[in-house]
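Annotated features, as they stand in TrEMBL:
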{"type": "DOMAIN", "residues": "2-34", "note": "domain 'Centromere protein J C-terminal'"}
{"type": "DOMAIN", "residues": "76-103", "note": "domain 'Centromere protein J C-terminal'"}
{"type": "DOMAIN", "residues": "111-145", "note": "domain 'Centromere protein J C-terminal'"}
{"type": "DOMAIN", "residues": "149-179", "note": "domain 'Centromere protein J C-terminal'"}
Amino acid sequence: EEVQRETAYPDGKVEKVLKNGCHLIFFPNGTWKKVGSDGKTVTITFFNGDVKQVLPDQTVIYYYADAKTTHTTYADGLEVLQFSNGQIEKYYPDGKKEITFPDQTIKNLFTDGQEESIFPDGTIVRIQRDGSKTIEFNNGQRELHTSQFKRREYPDGTVKTVYVDGQQETKYVSGRVRVKDKDGNVIMDTKV
């Protein structure tokens, strides 16, 4: 671009106004700033390689050169961090956090303390504030983990529960119930 005007300041700063209306300001430490012809788009390239952009809608994009990480802050308060390994973290104005890991696992952290992880194979794990956990597998099975037991529910309606003392109880759709002690010995079986 052709320079329309150039001004050198006593502090070492140099400002160039281009014919297209852009302003370029060069600082003695190697940092430079570009103000777009619209006056609203600003890009600052720092001496360490970091780059900060402010867009007309007030979106701020900051690239950390050493960490190869981009931090975008939108006008509505949403913040998005993109890391060089492919991980993406979103921080919502309401306090919710969403992390997408390089393997495409998505973890949501809610403001009420609940967590949800969605794995690439379709498995979903939800953790409640009390520590109980629900796992929904892509084959239709479901597990519930509490401080008292672990229960697996099968698509055919069978439910198997293992209690903290090791006792196991299996309820079949047919109505049959089988209970085993902690060593696996059958202590009750209602065959129907």
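Each Cβ is built from the backbone N, Cα and C atoms, and glycine gets one as well.
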Positions whose Cβ lies under 8 angstroms from the domain 'Centromere protein J C-terminal' (76-103), at least six residues beyond its ends: 67-70, 109-111, 120
Mean of pLDDT values spanning the domain 'Centromere protein J C-terminal' (76-103): 97
